[in-house]
């Protein structure tokens, strides 16, 4: 399927252009939820990665603000321009890699130079048009198997939360169950509200808020060293592409969306390079949370779901105003609560992707291999399990396609 025009249906059928004033309340609510869940679920990893690279407190706060604007403006521009739910996120696997790598020669300025280099490399990837055709050629059962594998762990979180925090976990789950009975589209936002209220009333959290919650931008002059370029920039680029951008495009494809790839990579690469001197890590396509904006829970009409990604971008920008407070609130609260809310939001997407993955008998085994490898968390050379799931599943797909007749 070829790329959709700004006013064409992601299902391949022409539809009337949606007037800008035609607001979708469910999509707006979903976008705000995705911004909160994406920020809350990974901010601790980002802080850890920046700290391991040598950033001080002011530089970490600056990085959070800069990356928030980088994610937000990129998502708002791409979603509005292409009229598709193109969600942008920070490179969580890349930040995990940074945390594991530790300080590089040249300190944090060298890490900033690596961030800038990755942004330039992403722009170069945007000029390589065969990548979009390669993504479109991924068999749908494999793409759905990868998505189901990504979602499985999060969808288990609501029930794991009841074991780790019984009262809070049960309260969030019960809120979701009751509200979904009368207004399914607003069940998850209601659960988010309950979770936030529970976190705000938690004494260890409320008593730890900083006296000056307003972060400021802190510029860092990039330094380019051979050690940082080879030991950090190149692995970070591979992880960003293999664990986020390629799976992110595949996730969108499972919902019928085929965004134009060059503008996506050029936009995110430019935003990453522009904000790197302020300590911001690279940004990329969202993978897991993309399913929330692109799925039917965002809006029953596919052509209106772009508003979820647009609102998510605005939410990322809004969160930068309280970067210090948000980081404190999330990092000092039970992480399982945020994961539980995300899991509740993704149960429908998980069920749909699982069904689509195993529906075709000929591709059932390759799709299940993709799902299991992705869900396993397997990692080689710093590249996450989503990439390897597609690789192993693709190998099984080719192997099964070449079986002798009657085998």
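Cβ from N, Cα, C; glycine included.
Which of 6-25, 86-105 counts as transmembrane segment depends on TrEMBL, and there it is 86-105. Residues 30, 33, 37, 40-41, 140-142, 144-145, 147-148, 151-152, 154-158, 160-161, 164-165, 168-169, 172-173, 176, 187-188, 191-192, 195, 198-199, 254, 288-289, 291-292, 295-297, 330, 364, 367-368, 370-371 of the same chain sit 6 or more residues outside the transmembrane segment (336-358) yet have a Cβ under 8 Å from a Cβ within it. Against the transmembrane segment (59-80), stretch 86-105 shows more Cβ pairs under 8 Å than any other of 27-47, 86-105, 151-178, 217-239. Across 86-105, 151-178, 217-239, the stretch most heavily in contact with the transmembrane segment (27-47), judged by Cβ pairs under 8 Å, is 86-105.
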